[in-house]
């Protein structure tokens, strides 16, 4: 228990430090103290610029990270699969494709992007369930089907962009995976829907815990397993969709963070979910801050950095799961 | 609890056919039969884990499908044959899952929950293992943990699916003695599936003998277990004998002439 409290305090502190560091670093430099006082007084001109340009980006990063990490933790619980991640199995690319359709064809409904992203994510999720359910859920099967679905939606997205540019209609930048140029509009979307999703996810912890046991055991403990699956999946898709609608597709975070969190705070979702949310926020913000400062004024998107870390990590997990199955 | 004309199949052919039985309250009942006779399937149908194609399962004259899942879980607990738990799951944490049917999102663990968990841990002799991960326990101890979880549900009925399979003979007897104690001391109605005929004879008030998805015979062990029954159900010739301490037992001698395994 002491270790758990220590872990929560550490990750929260790191989060605060990273937020402040990220806010004061970049092409415009502000002192940490000037930034904090400027935030409240509004008298410092530099801080005002940071507030307009950098703060939305930070908030969007934080919420995207938390949402994607939670989404991964929920998907892993519901699919009983440590390899499930919204970005890897195609939930995010489904969401991305549908939000691209909306933004291009009906740009006036910008605020409804998350809804369309949610529909797209649901389509992916439904396809994965339908195609990989064979008297149960087999981890590797889900991953393979998911990768195929992901490839399909990525392909559709690229084809759509090509067709649009041929027709002289350039799709909005927001669908490419990049956290730069975020505005307070994006912040409004991500906080409105994001907070709802995060709160919903926390309420699902007893169900996620029961799904740690087998279906038959959970059922005999009074859980309506089928219904719990649908609701948990829906919240997972919602979280991934919001993050994708605002921050684009960022894969692997939902894989990495819940795994590391499980090693630190254990499998009890009452702790695992909040810890994953905090660590996910921390990791994306770190990746984004690193990406925009390392070769400034050029930027490496956070999604690229996540792919570079995440790819090897997936291989590592796959190798380990081979061992688990051999037992 | 009763069943009426239960029929069930995974695919063709039928696994259960017109099974009508009743489980007497406060007694220990065992479903016995050869491999593939449908005994575990019947237990799962009665636990509402599988939906029968025909017929119904009644609890207090009400169909079990009419019960809300949580309500049923407060009446009936099930210990499954093979169980999986995460590597960091400790004994006490798993046993506390047994309180889930009594709780909801907005209610934290209360005194009643804690008492039930304590009682379950004590009755299964797991006091020393409270904070031990289940993965570090022996097969027999693990089985006791799953029984403890079922006990924490505080139900008046307990189903066990082959609770002694894969265990050494010491742990087999330990588990059966525990089940017997739960029945005698707390009046919990027991329904279990057993593989071992002698254990079934020794530890059951009632037997339900199955063959090829149908009920072959039901009744008290000393009344129904005969040479003819063993021969008819298992295709084995056996000696039915009595021992002063163990009571009735059977000793298989030879395969029935011309019999093939069914």
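Cβ coordinates are placed from backbone N, Cα and C, and glycine is handled just like the others.
Among the features that TrEMBL reports, transmembrane segment is placed at A:58-79, A:86-103, A:109-131, A:143-168, A:188-208, A:229-257, A:269-288, A:300-318.
Ranked by the number of CB pairs under 8 Å to the transmembrane segment (A:269-288), the listed stretches A:86-103, A:109-131, A:143-168, A:229-257, A:300-318 are led by A:229-257. Beyond its flanks by at least six residues, the transmembrane segment (A:109-131) meets 86, 89-99, 101-103, 142, 145-146, 149-150, 153, 174, 185, 189, 193, 233-234, 236-238, 240-242, 244-246 of its own chain at Cβ-Cβ distances under 8 Å. Residues of the same chain lying 6 or more positions beyond the ends of the transmembrane segment (A:188-208) and with a Cβ under 8 Å from any Cβ of it are 59-60, 63-64, 66-67, 70, 73-74, 77-78, 111, 113-114, 223, 228, 231-232, 235-236, 238-239, 242-243, 245-247, 269-270, 273-274, 277. Long-range Cβ contacts of the transmembrane segment (A:58-79) within its own chain (Cβ-Cβ under 8 Å, at least 6 residues beyond either end) map to 15, 19, 22-23, 85-87, 89, 91, 137, 139, 142, 179, 182, 186-187, 190-191, 194, 197-198, 201, 204, 208, 211-212, 228-229, 232-233, 235-237, 239-240, 242-243, 246-247, 250, 253-255, 257-258, 261, 269, 272-273, 276-285, 288, 302. Sequence-distant contacts of the transmembrane segment (A:86-103) (same chain, six or more residues past either end, CB-CB distance under 8 Å): 68, 71-72, 75, 109-110, 112-114, 116-125, 127-128, 142-143, 145-154, 156-157, 160-161, 171-172, 174-175, 236-237, 239-241, 243-245, 248-255, 314.
Within its own chain, the transmembrane segment (A:143-168) has Cβ neighbours under 8 Å at 81, 83-84, 87-90, 93-94, 96-97, 100-101, 104, 120, 124, 127-128, 131-132, 175, counting only residues six or more beyond its boundaries.
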